[in-house]
Amino acid sequence: MQTFYKDAYLSRYEEAMDNNLLTLLWSLTVSMYPLGGLFGSLMVGPLVNTLGRKGTLLINNVFSIVPAVMMGLSEMANSYEMIIIARILVGICAGLSSNVVPMYLGELSPKNLRGAIGIVPQLFITIGILIAQVFGIRTILGNAKGWPIMLALTGVPAVLELLLLPFFPESPRYLLIQRRDEDAARKALQQVRGWDDVDEELHEMRVEDQSEKAEGRLSVLKLLSLRSLRWQLISIVIMNMGQQLSGVNAIYYYADNIFLSAGVKENDIQFVTVGTGSVNVFMTIAAVFIVEASGRKLLLLLGFGICCVACFVLTIALNFQEGLSWMPYASIACVIIYVIGHAIGPSPIPYVITAEIFRQSSRPAAFMLAGSVHWLSNFTVGLVFPYLEQGLGPFSFVIFGVICLLTLIYIGVIIPETKNKTFLEISHLFAKRNKVEIVVEQVEGREPDHRGCREEEVGKETGF
């Protein structure tokens, strides 16, 4: 692709492209994706509240198909600008889908399967990465002729979604609580559950609606000002920052050098990379099956703990690999162990918890905030790590290890276990820390229980 950039510039201006300009254009190409992701995250709230979860996902396909066509035709048009613009658009697609898909699935899922289903989007992200790594092998599409086809393939999943998603229901919670259409909500719930008796779930939605009627639809600014959601907000910020600042992108950036130092031939590194991607997929599949048994919190603690240890050991291994013949293999082991740790906890679980710890009125704004933090952190790592690596070398992984450790401590102290709990029950778990009072009241003639409640902020300084 960089050769194409230089050839396009030469044919256009009849002079060779300066190396500094090539570096700038390539940096723009890389960084426009997370920047687009930030823009997409900021669009989440307005779109899901107006178009619904399903409607937003259908419209979002425009931001995948259009850039796919642009990137596929860029070489023919002799325009690297088309690639850069397309990267912004496909970033918007990623920013929207990475937030709306977990929200949609979280609202569709029964509480006993919400964790497993919530990890499925991350599973398919890892599968997508693995497919891209396979297509990126030089003998397939990772070559001078194949790269436009490879970039254009990003539109294929969007076409499939356009064909299949219309047959799926809209989120029943959105239909009942925000659209006030109980009949449509009942039909959607019956369709997704496969049985007719959905009265208990509808009742739980009505109670949730009643408990937060006073809040209305929350904007991000309103969300930030609410005392009753203070620790939920801090938690999603810490988890999303920890997820991206834990060094996962830096590990992949450094992986080629680590493999080379271990004696892997340069042409074989692409196959080792595919192997690493396969490990990522396998461990994410494992997380899908164990999250409902182990819980969210344990997977987060275990994942960040593994990543923390891997970063510190990798620092030692990289510093001593020239003196000890077996150290490069220890470095490879650290990379694989880090990937395993990130795949079981930090990668998938923050999306699950974000969907669970907020209710209907605050969930869109919460995902906007979480997504913005996620993509800003992603952009920051991409921008800063080359300078860290240049200045600190292997010791840059000490910084990532410390971030993993601090995130682990926060999760251990603050984040409650949300496994197999309703959205209202999870709100109760944060009540004391937020200093809000839980008032239980009878709803629809039923006896008062944990489902019929509302939250009131405590005016006293003494708190709960």
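Each residue's number is its place along the chain shown, starting with 1.
Just so you know, glycine gets a Cβ as well, placed from its N, Cα and C.
Remember, TrEMBL labels are computer predictions, not curated facts.
Among the features that TrEMBL reports, domain 'Major facilitator superfamily (MFS) profile' is placed at 1-419.
The transmembrane segment annotation in TrEMBL covers 24-45 (among others).
Marked as transmembrane segment by TrEMBL: 57-77 (among others).
The list of residues near the transmembrane segment (83-105) in space but at least 6 beyond its ends in sequence, with Cβ under 8 angstroms from a Cβ of it, reads 1, 25, 28-29, 32-44, 47-48, 53-54, 56-57, 60-61, 63-64, 66-68, 70-71, 74, 117-118, 120-121, 125, 151, 154, 158, 171, 351-352, 354-355, 363-364, 367-368, 370-371, 374-375. The transmembrane segment feature in TrEMBL is assigned to 83-105 (among others).
Proximity of distant same-chain residues to the transmembrane segment (117-141), defined by a Cβ-Cβ separation under 8 Å and at least 6 residues beyond the stretch ends, is recorded for 98, 101-102, 105-106, 108-109, 147, 149-150, 153, 157, 267, 270-271, 273-274, 277-278, 280-281, 284-285, 287-288, 291, 343, 347-349, 351-352, 355-356. The annotation transmembrane segment is assigned in TrEMBL to 117-141 (among others).
Annotation comment: TrEMBL describes 147-168 (among others) as transmembrane segment.
When Cβ-Cβ distances below 8 Å are used as the criterion, the transmembrane segment (231-254) is approached by residues 223-224, 300, 304, 307, 311, 335, 338-339, 342, 346-347, 349-350, 353-354, 357-358, 366, 369-371, 373-374, 377-378, 380-382, 385, 388-389, 396-397, 399-401, 403-404, 406-407, 410-411, 414-415, 430, 433-434 of the same chain, each at least six residues removed from its ends. Residues or ranges marked as transmembrane segment by TrEMBL: 231-254 (among others).
Counting residues 6+ beyond its ends, the transmembrane segment (269-291) has Cβ neighbours under 8 Å at 115-116, 118-120, 122-123, 126-127, 129-130, 133-134, 136-138, 142, 255-256, 259-260, 299, 335-336, 339-340, 343-345, 347-349, 352, 419 in the same chain. Annotation comment: TrEMBL describes 269-291 (among others) as transmembrane segment.
Look at TrEMBL and you will find 298-320 (among others) tagged as transmembrane segment. Long-range contacts of the transmembrane segment (298-320) within its own chain (CB-CB distance under 8 A, at least 6 residues past either end) are made by residues 239, 242, 246-248, 258, 287, 290-291, 327-328, 330-331, 334-335, 337-338, 340-347, 349-350, 393-395, 397-398, 400-401, 404-405, 407-408, 411-412, 415, 417.
Long-range Cβ contacts of the transmembrane segment (326-345) within its own chain (Cβ-Cβ under 8 Å, at least 6 residues beyond either end) map to 126, 246-248, 251, 254-255, 258-259, 261-263, 276, 279-280, 283-284, 286-287, 299-307, 309-311, 313-314, 317-318, 320. Here TrEMBL flags 326-345 (among others) as transmembrane segment.
Residues annotated as transmembrane segment in TrEMBL: 366-388 (among others).
According to TrEMBL, the transmembrane segment annotation covers 394-415 (among others).
Using a Cβ-Cβ cut-off under 8 Å and counting only residues 6 or more beyond its ends in the same chain, the transmembrane segment (394-415) has close neighbours at 231, 234-235, 238-239, 241-242, 245-247, 250, 296-297, 300-301, 304-305, 307-309, 311-312, 314-315, 318-319, 346, 353, 385, 388, 433. Listed as Cβ neighbours of the transmembrane segment (147-168) (distance under 8 Å, sequence separation of 6 or more from its ends, same chain) are residues 1, 4, 54, 57-58, 61, 64-65, 67-69, 71-76, 83, 86, 90, 93, 128, 132, 135-136, 141, 192. With a threshold of 8 Å between CB atoms, the same-chain residues lying at least 6 positions outside the transmembrane segment (57-77) that come near it are 4, 40, 47, 51, 83, 85-87, 89-90, 92-93, 96-97, 100-101, 104, 148-149, 151-159, 161-162, 165-166.
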